[in-house]
Amino acid sequence: MKSQMTFVLLSLCLLPVIFVLADSRSFSIDYKNNCFQKDGKPFQYISGSIHYSRIPREYWKDRLLKMYMTGLNAIQVYVPWNFHETVQGVFNFAGDRDLEYFLNLANQTGLLVILRPGPYICAEWEMGGLPAWLLQKPNIILRSADTEYLKPASEWLAELLTKMRPWLYQNGGNIISVQVENEYGSYFACDYNYMRHLHTLFRLFLGEDVILFTTDGNTDKEMICGTLEGLYATIDFGTDTNITAAFIRQRRFEPKGPLVNSEFYTGWLDHWGEKHASVDTVKVSKMLGEMLSMGASVNMYMFEGGTNFGYWNGADHDSRFRSVVTSYDYNAPLSEAGDPTDKLLAIRDVIKNFRDIPVGPMPPATPKFAYGFVTLQKVGNISSLLDTLSPQGPVRSQYPLTFEEIKQYYGFMLYRTTLPRNVPEPTPLISPLNGIHDRAYVSVNGVYQGLMERDTALVMNVTGQQGDQLDILVENMGRINFGSYINDKKGLLGNLILGNDVLTDWSIYPLDIDTAVANGWLQAAHSGSAMEAGDGPMIYSGTLKSTGLAWDTFVKLNGWTKGQVWVNEVNLGRYWPQRGPQQTLYVPGPFLSATQPNNITVLELERAPSHRRILFMDRPQLNNTGQKT
């Protein structure tokens, strides 16, 4: 390790030479005049958050240009660890994960970067950006000096920060500051040794000149546990906060230096089953103007939210588990599809009072198209497709194993056993320790019986004969991303009891639906008539015919219950119109072919409508709580 570290340090010494005139560049804190200094002159940043992991690579430039044309001079960027190291020790920075390409686009556009590399990021992202493989260590204490956490976190940061050093402003790049950890004061551990270790690590890989900072919520407790000497303390708050009181709190921890709101909330997140969040445009623009008038540097969270494609949504847990919806629209100035909103125009009008904004028109919204209805055919139920969805076969265990123990971190697993005795009368199937993480779809001999759900539905009745096949499909609805419960294991976390019998002798099938979709295996053999209905977890497929256009669209599944949608090889995310508020899923144009048929695959978990139609629309519907079917 020592020789490897020596090589890394030698390599880092050579990196600045690839940039010209780096010696003349500086970005620092002027403690005397309570401001930032850029190249020796006072500087105030007006920034917006954008997540490259939630936006197709093809649209990065479009979104960045719209932010620049609004008058922003910086962007704030989270780096999700689990997005780049899905398998321990294997780092992926290609394609949609090409962070350096994104930074270069921002640089070409004229935007500085505030980098937030974690290792924990929150962001309503799966497990707050931490890789689920960390949970293979059953006693790991995340976000602490526990060596089982600190070793892989340090290895990740060594990989990432080595790549980031050339992009520091001092070295000719556009990164002006780097956050250490993220809102650490809101976490129970309050482990200063952990924060000191990160501070040392960031300095080792990034050098002594870059500004390192922390961000914490607007309470004394959060600021006390989240701040550390040597890291500039900033604060975050939204429109429901008294600005003066919040900055007085920051001043208690940073008596000198710039006032900074690192997360000024332009909107808010949505959970399934709750109202679509919104924050008043007038309040946002008024408060932004007030902070800028005070000389504060402000980052607007979010400026564009984007989409939780695939399985990347996070979840919260206060009194119960609440999963974040697929859309991360956030009621932000740029919509989920990157379209300028009235909120953006109001913000631009405010910014005009504080800096010259670029001359020229705002880039228009990306074109949208209503492709119309597509009727799907049933491919089969999950139980009948196991050879395709789980080609490696089951793992056999006397008692249930978690997703993490099987190394199936996202999506779905099927647990199979047999009924231990005759149950002619409805008999309770119970998860006594709230061990359903997160939803379980129960079938006997292929006939759907009903579902169990974390925190809310821990008992259901089952009937059948001794030896009947009991299948339980378990869905991971996204790991908790905030608070004390981020050690959020998935699957069946404990025994299930049928009447008085503990169920044993399980065959556990990890399902790789995404690979089956990508290989076209679920398009090959349609079965059943187009109007045949079915209950329980079923795969459906169909084709959106080519029209010569590959424009953005929004798919609506009216009458469908809950599930997952793929277009071609891309997992669009979860739909759940009956619970709402989100009714449509965003389909970016780059996911479609203008010249070839587009394959549509739907996993419906509960019940499909008899019409089996889905509708491609030219506008989103994000704000209906439930639907009439």
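Here the Cβ of each residue, glycine as well, is placed from N, Cα and C on the backbone.
Just so you know, TrEMBL annotations are computer predictions that nobody has curated.
Summarising the annotation, TrEMBL assigns active site, proton donor to E183. Sequence-distant neighbours of E183 (active site, proton donor) (same chain, 6+ residues apart, CB-CB distance under 8 A): C122, T215, D216, G217, E222, G226, D236.
Annotation source TrEMBL lists active site, nucleophile at E263. Taking a C-beta cut-off of under 8 Å and a sequence gap of six or more, E263 (active site, nucleophile) has these contacts in its own chain: S49, T215, D236, F237, N299, Y301.
If you average pLDDT over the domain 'Glycoside hydrolase 35 catalytic' (36-353) in this model, you get 98. If you look up TrEMBL, you'll see 36-353 marked as domain 'Glycoside hydrolase 35 catalytic'.
Sequence annotations record features per position, and here TrEMBL assigns domain 'Beta-galactosidase 1-like first all-beta' to 400-512.
Counting residue by residue with DSSP, the domain 'Beta-galactosidase galactose-binding' (537-595) contains 3 helix, 27 strand, 29 coil. If you look up TrEMBL, you'll see 537-595 marked as domain 'Beta-galactosidase galactose-binding'.
TrEMBL lists 1-22 with the feature signal peptide.
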